[in-house]
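Asker: Dropping a structure here in C-alpha cells format, bear with me for questions.
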Amino acid sequence: MMFWPLSIAFLPVLAGAFLHGQARNSTFDYVIIGGGTAGIPVGTRLAQAGFEVAIVEAGGWYEDSEPIISSTPAFGFANNAANDWGFIVEPQPGMGGRVFGYPRGKCMGGSSARNAMIYQRAPVGAFQRWADEVGDQSYAWSKFERYFKKGTNFTAPDPNHRAANATPGYHPGAFSPDGGPLTVTYANWASPISSWIQRAMKAVGIDDAGDFNSGQIIGSQYFALTTIPETQERASSENTYLKEFQDLPKLTVYTETLAKRILFDDSKTATGVVVEMAGVEHTLAVDKEVILSAGAFQSPQLLMVSGVGPANTLDSLDIPIIHDSPYVGQNLVDHVWFGVSYPVDVPTWTKWANDAFYMLRLYVGDYHQHRQGPLTANAGDFGAFEKVPDHLRDAFTPETLQDLAEFPEDWPEVEYIVSPMYLGNFNDPMGRQPKDSKQYASINAALVAPVSLGNVTLRSADTHDPPVIHTNTLGSPTDQQVAIAAFKRLREIFESPELVPVRLGDEYYPGKISVRSDAEILHFIQQDGLAFYHAGSSCAMGNPDAVKNKAVVDSQARVIGVNGVRVVDAAALPFLPPSHIQSAIYALAEKIAEEIINKELDGPTRVEL
C-alpha cells in the first residue's frame, strides 16, 4: 500500500483516535462535519487561527485506496467505488423514469478528489444576483473575488508541453501571487481535436472568451485545472490545504468516522456531535459551533436527523423537532449534460483506452517519469459558454423565454465541453470506446441556467441510510426546450466546414437516422443524458427578512432558527451558478472562515495565536 507523506503524518493521530478502538469523548471549539472541498479549508483556516478544531470524515485517504485512479487527471472518468458514497437518485420523470448513480466523494478531500478538476468562475452578474438575493453586498464580484484569490496559487501553462495553437488564454490578475494553497494551472498537454473545434466554434459565432476566471465567461477557451504543476497530479483540498497545514497542533482529523446527529440544548444551541467510530458512538462536544460541510445531499440529511427541517418529515420518522425549517432539503438544483460523438482524423484517447499496454507505456513513460502527455489532462480540456442563439431560440415558448429572462445578461444558458474520446451515455467510457480502429471525439452540452428544482429528504432517521435524492432533472419544459436547442447546436459545431479536414464520417453517436425530430432528440437526452454532479442549494442561503424567503442559512451561512450551526458547502449556495462550482465552494469556505475568525478575535473571547 502506498502512503503519501500527508497520510503518514496523520497515521499516529488516527491510530490513537479510533483505529485501535481507543476513541473517547472530546471537546473542541469547532467540529467540521465533512473533510471535503469546503470542510478542509474551513477547518484548517480556523485551526491556523488558534482554535481547537476537529474535522470528521466518513471516508479514508484516497491516495491509499486508489492512488493511481484518484491522482491521475485522465482517470477522473474511471469508476472509483472505493472513495464514493454510491448514491442512486430516485426515478426521474423528466428523464423517462430513469435512475442513475450520483458520485460523491467519500474520502479526505471529498468530491475535490473525484471531480473533473475544472477550475472556472461564474460571471460578474451571478455574484451580483447572489449579493442581492441574500441581502449582503460582500458577495458582489468586486468583493468576493478576493476569496477566489486568497485560496488559489496559479501557475501559467508551460509552452514547452503544449502546441503553439493550443496556448490557453488567461489573465494573471485573476489570481494573487500570495494566494494558496490550492494549485491551479493547465495540463502539460492539449487535445489535438480542441484546436480544431475552437475554429469551428468561432465559425458558428462563439468567439474567444479570453479566459474563464475574470468575471466574463461567454465564449470559448481552454479550462484551467486544479492540478499540481510540478507533478501534474490532482490537487484536492486534502493534498493542498491539509498538506500545507498538517502540523497545526490545534487540528484533529477523524477519518472513517460517521456523523450521526447534532446535539442541541433547550435554547436550541448546538452542544456537540454524535459520531460513530468503528461501530461505537462517541460525542464530540463543541464550545463554539458545528459546521456542516457534508455536501448537498448529506448536510440537509444531518440537519433533518438532528431535528431541523420540515416538521411533517421529522414527525413521520419520530424525530424530535428542534426547529421547523420547511426548506431544508428543498431547492436542489443541478446541471444536466449530454453529447454527440464523431470519428476524427487526429489522435484521441480512444487509442490508449483500447490498448492497455499503450496506456501503461504512457503512464510509466510520459506521465510518471516526465509529467507530460495525455494523462496530465482531464477528459474536457476545452469548452465554451453561450446563450442559445436566435435561430434556435425562435422555437422557445413565451414561458421559456420568460424563465430565461430572469437570469442576468452575462449568464450563459449552455456550456460546451470538448472530450477527446467517445463518451456515449457516460457509462464507463474508458471501457466502451469503439473497437473499429478509428479515433473518436465528442462535444457535450450542459444546461447552466436550469429552472427545474428537486429535493433531498430522509429515508430514515439513521445517517447509515442514504438520503432520498430527487434531482428533478429536466423536470421543466424550459429545460427540455433548451436541451433540444443545445443538442442541435452540438451538431452545428461538429458539421462546420472548419472540421471537414478531420471529420472522418457521419455522426457516430447517437446517429442522425434515429435522432432527428425534436421529440426524438428529447427522448435521446432523457435516455442518455446525465446529471452534471454539480448538486447545490439544498440548504439555500438567503435573506431572512425578505418577503419571499426560502432561506435555510443567512449570508454568514448560519442556520436560521438555531444557534451555533453553519452550512458551508454547495448546499448553502442560494442558486446554482453557471460554473464548475468547486471554485465558488473554495471561495465561500475562505470567506466564512475569515468572518468567523475576525468576529472571534475582535470579540470578548480572544484566542491567542
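The backbone N, Cα and C atoms fix where each Cβ goes, and this holds for glycine too.
Just so you know, TrEMBL annotations are computer predictions that nobody has curated.
When I checked TrEMBL for this same protein, it listed these features:
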type     : residues : note
ACT_SITE : HIS534   : active site, proton donor
ACT_SITE : HIS580   : active site, proton acceptor
DOMAIN   : 295-309  : domain 'Glucose-methanol-choline oxidoreductase N-terminal'
SIGNAL   : 1-17     : signal peptide
Asker: Could you round the CA separation between HIS534 (active site, proton donor) and HIS580 (active site, proton acceptor) to a whole angstrom and send it over?
Answerer: 7
Asker: If you count CB neighbours within 10 Å, which one among the active-site residues HIS534, HIS580 has the smallest count?
Answerer: HIS534
Asker: So what's the mean pLDDT when you look at the domain 'Glucose-methanol-choline oxidoreductase N-terminal' (295-309)?
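Answerer: Value for the domain 'Glucose-methanol-choline oxidoreductase N-terminal' (295-309), mean pLDDT as a whole number: 99.
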Asker: With DSSP assignments reduced to helix, strand and coil, which class does the residue listed as 'active site, proton donor' get?
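Answerer: Note: the residue listed as 'active site, proton donor' is coil by DSSP, not helix or strand.
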Asker: Check the DSSP secondary structure of HIS580 (active site, proton acceptor), expressed as helix, strand or coil.
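Answerer: The three-state answer is coil.
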Asker: Under DSSP, the domain 'Glucose-methanol-choline oxidoreductase N-terminal' (295-309) has how many residues in helix, strand and coil?
Answerer: 11 helix, 2 strand, 2 coil
